[in-house]
Amino acid sequence: MGGPAAVSTDNGQGYAHLIDKSRPWWKNTRLIKLNLCILLLLITSTTNGYDGSMMNGLQSLPQWNVAFNYPTGGKLGLLSAIQNIGCLAAYPFSPYMSDGLGRRAAVLFGAVIMCIATVLQTASHSVGMFIGARFLIGFGLTFAAAAAPVLVTEVAYPTHRAPATSLYNTLWFLGSIIAAWTTFGTFHVPTSWSWRIPSAIQALPSVIQVLLVWFIPESPRWLCSKGREEEALRTLAYYHANGNRNDPLVEYEFEEIRAAIQFDKEIAANVGWSSLIKTPGNRRRLRIMIAIAFFSQWSGNNLISYYMNKIFISIGITDPNTQLLINGCLNIYNFIIAIAAGLLCDKIGRRPLFIASTIGMFVFWVLQTVCFALYSETGNIAAAHTFIAMIFLFYAFYDIAFTPLIVSYTVEILPFALRAKGFTVFNFSLTLSLIFNQYINPIALAKLGWKYYLVYVCWLAFEIGFIWRYLIETKNRTLEETAALFDGDDNVEMLTQHAAVNAGVTISDRRSDREKAPSEDIIEEVKI
């Protein structure tokens with residue numbers, strides 16, 4: 001666990017000179033089609049975001065509270081947490097479907113289950129039925145959410161991979177926005193349809209996926225792993241080079257994928273769960289994955305997103321219309337910031353964004369705590385209003401890293417053979433942290449009030465130290481090079497040189513380049 005701070009300054013990008021820069025992607029019909037397919041996968045995240053915001057909004061609807069007998073404490077925690085308990089139940093199975101039947105099949109299976117579950121949720125006539133339906137939503141979500149971002153990162157055009165995968169978690173806020181404004185709009189519906197309409201709309205992303213998933217290409221990496229190399233090459237050529245199988249970029253990608261998969265097979269058949277802890281490189285991956293999963297939910301954001309109305313009541317904002325309006329505006333604000341950060345992740349880098357995020361969250365959480373304490377102890381109205389402003393500023397820093405990067409960073413640091421299982425461990429850790437928070441937060445907030453915020457002050461300070469010490473920079477690398485980075489520079493060089501030789505191009509040794517020019521990478525001209 002010791003050692004210097006984890007910093008990588010080599011930009012890598014051995015494929016940069018192979019990218020066709022003669023025209024922008026939006027003038028390339030095949031790339032437009034591919035990116036639309038990726039968008040179809042990205043909306044998986046909106047279901048999850050919709051759920052969190054919907055449950056937050058439903059708590060402000062009198063009709064929902066009457067229907068379920070004004071849930072509080074542990075009962076309210078269960079209603080929120082049961083979806084994540086459903087997620088936990090599916091984790092032992094999801095990676096086997098994704099690895100065995102394919103990424104696309106897993107997305108379809110999960111979407112079908114969520115469609116069925118949402119019908120049950122909308123038709124609920126009792127707390128038990130509502131809880132059961134939400135459990136089933138979580139169960140289906142695991143299959144889709146475990147496969148969709150992996151397929152995005154494995155099929156995307158090289159220069160689009162990082163921004164596209166970063167947008168996956170960012171679209172959580174799209175679902176959150178839709179739910180927030182839907183519950184705001186149905187507030188004045190006098191019947192139970194005030195909460196049934198938001199429940200029904202939750203199925204929309206899954207319905208779209210069931211209808212259109214057939215148009216999404218399967219992962220070339222998964223196809224290669226199953227010996228279907230001809231199909232993999234055809235997919236890469238069709239989408240990345242307008243059908244040209246002899247394009248240098250396609251040949252380079254294809255050979256690097258083959259080399260990486262072969263490499264994984266040669267080093268102790270790297271496919272079992274125990275492989276995640278067998279090697280130093282995999283232990284480093286596991287440490288970071290679990291940490292950012294917990295950090296993403298234990299930074300105070302979960303307290304705000306699921307129990308905002310309880311916090312508002314604690315600081316004197318009791319009008320449901322005001323609560324719903326603030327929630328809706330906050331989600332739009334979060335969405336805009338997270339998209340901007342996700343699109344800039346290859347320019348700024350993952351490490352600077354994570355460091356800035358944790359420091360900013362710490363500063364503004366401390367200020368939230370001060371404002372909460374002032375209002376609680378003295379009834380200071382100005383402190384209550386300032387508290388709302390601090391929520392927005394806190395989320396600005398949360399959104400620049402922990403919204404766009406946690407999924408993309410996790411899937412890119414994992415080698416192909418461990419990608420589905422490793423991502424399952426990440427999701428399992430994230431869900432455990434969510435369940436803990438959803439049970440503990442309402443109870444602790446009711447018992448401790450503003451003093452509960454001090455717990456997160458201490459935790460955020462720990463996050464800063466961990467990120468500074470252990471997070472490795474991964475920007476501007478291919479998927480295979482990024483994964484190999486954790487196993488040492490020699491593995492990165494081996495994959496790059498193997499792909500270059502077999503693709504018929506020559507790339508300079510980057511270690512020699514760094515000796516000649518430490519501040520930048522020098523790549524020789526391609527020799528076809």
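Positions of Cβ are set from backbone N, Cα and C atoms, glycine also.
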Inset, instruction - State the residue range annotated as transmembrane segment by TrEMBL; the candidates are 207-224, 423-440. - result: 423-440
Inset, instruction - Quickly jot the same-chain residues contacting the transmembrane segment (352-375) by Cβ under 8 Å, restricted to those at least six beyond its ends, or write none. - result: 292, 295, 299-300, 314-316, 341, 345, 381, 383-384, 386-387, 390-391, 393-394, 396-398, 400-402, 405, 449-450, 453-454, 456-457, 460-461, 463-464, 467-468, 471
Inset, instruction - Using a Cβ-Cβ cut-off of under 8 Å, list the residues of the same chain that are 6+ residues beyond the ends of the transmembrane segment (135-157) and lie near it. - result: 25, 31, 34, 37-38, 41-42, 44-45, 47-48, 51, 82-91, 93-95, 97-98, 103-104, 106-107, 109-114, 116-118, 120-121, 164-165, 168-169, 202, 206, 209, 216-222, 235, 239-240, 407-408, 411-412, 416, 419-420, 423-424, 427, 479
Inset, instruction - Would you mind listing the long-range same-chain contacts of the transmembrane segment (105-123), meaning Cβ under 8 Å and 6+ residues beyond its ends? - result: 41, 44, 47, 94, 97-98, 129-130, 132-134, 136-137, 139-148, 151, 196, 199-200, 202-203, 205-207, 209-210, 213, 216
Inset, instruction - Count, for each of 324-345, 387-411, 452-472, the Cβ pairs lying under 8 Å from the transmembrane segment (169-189), and report the range with the highest count. - result: 324-345
Inset, instruction - Could you name the stretch, out of 31-50, 286-304, 423-440, with the greatest number of CB pairs under 8 A to the transmembrane segment (452-472)? - result: 286-304
